[in-house]
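Feature list (source: TrEMBL):
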- 469-510: domain 'RING-type' (DOMAIN)
- 381-442: region 'Disordered' (REGION)
- 21-38: transmembrane segment (TRANSMEM)
- 88-107: transmembrane segment (TRANSMEM)
- 200-222: transmembrane segment (TRANSMEM)
- 234-253: transmembrane segment (TRANSMEM)
- 265-286: transmembrane segment (TRANSMEM)
- 306-329: transmembrane segment (TRANSMEM)
């Protein structure tokens, strides 16, 4: 029990360490595989004396070559390593993947209820099974590569059968996953994000394995297809990554340089340069490899293919190392749960507890929390809303009604500057003469004019700074929403609710949005415009 409590208390930090170090270790295994394959390729070239084709790399690996030196005829003796040695790092990576998914599956089963971890359990179970099947595929592939012309050699469809089984298993488990997403406390004009099953039913590895197996078997769905056509999924992924990298460099870098200080911007440049180098070197290695496979009459040297591939792998490893160090120095500590699972929407009661009692309206788009002195003055004058009796409420309603029908006093001696005098971002308008055709209070509010009570109990007619929501630019909706805790308002409730439910930052200050409130009645206390915020109505339960 003591050990379980210690693990539970430090599980999040341990999980970040294990995930990042696991990625670095697996990437190191792929680097070792690339070096071993490069070594076998170089020795084969040294044995033949010329660049070799794909068929020359096949065999059991019993060849050797002596490199003459200055003092002896055989200074260095190079032995062609076997395919088992070449594939050994990949088996280690599969074993690490199997262990990681098994451990996470056990943790999900032991510590989390099935209702909230069902999809995560299916994902880890699929990952563990895929690791086993991929290890079996490599075993069959070694048998095929070591004995290519043997009468007992396996057929290519049989060699790729474990990958087919892994793809079918993943598709079946994916169909059993429950839908996630789409839940929202506040409903906006548009529907929330569509509900979907996490993960994918088919991966890039499955598509590539299917195409390669058909091409090697001679039954590819395109006649006389070359390797450049067989590997079309890689070209599609490369095109998407290239467009994304181009947009990031052309548009993202200028935005970062303007938004963040120079020191933080310089910290972003090394990962960006590593990402650019990884993409460039990978594309160069891919094109040279396809040229080596499609044109056996003009073979390509091993260094022209493997050197950029290994360099790209090192750049990617360094990029993962930088991200790992950054994540380990800044480990986020969540309140609860697992980041594999979506965060549950907060309850209506928890949001009510975070709602401030009063807000000070500094302008039509900015609200601040009141100070203790202003709060005491408000309570001394109006009392708490929960403790008010019906007589006090009736008196307030009569005051508001009187303020609606009686214009505020205005003297021509105040001068023309009185028309543009503002307090807290609100402009005071002159009263209308009794003979003018006055509009009722509700019509005045619809025109963008508000009634604010003064310390004397009377009301002043004020005009807001803007008549439309600064997000959707609609002028037929009330601008009664405010984003908390930054306090930016002047927008409609639908836009504010969409920002909150999508977990987007405030569009004005980029601060996180904890909740959305509606602005209530406005009164003046100690020369400040005080409003009473409230949560939007509780949404109806989903059918």
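Glycine is no exception: its Cβ is also placed from the backbone N, Cα and C atoms.
Mean pLDDT for the domain 'RING-type' (469-510) in this predicted model: 84. Same-chain neighbours of the transmembrane segment (21-38): 81, 85-90, 92-93, 96-97, 100, 302, 306, 309-310, 313-314, 316-317, 320-321, 324, counting only residues six or more beyond its ends whose CB sits under 8 Å from a CB of the stretch. Long-range neighbours of the transmembrane segment (234-253) within the same chain, counting only residues 6 or more positions beyond its ends whose Cβ lies under 8 Å from a Cβ of the stretch, are 204, 208, 228, 272, 275-276, 279, 282-283, 286.
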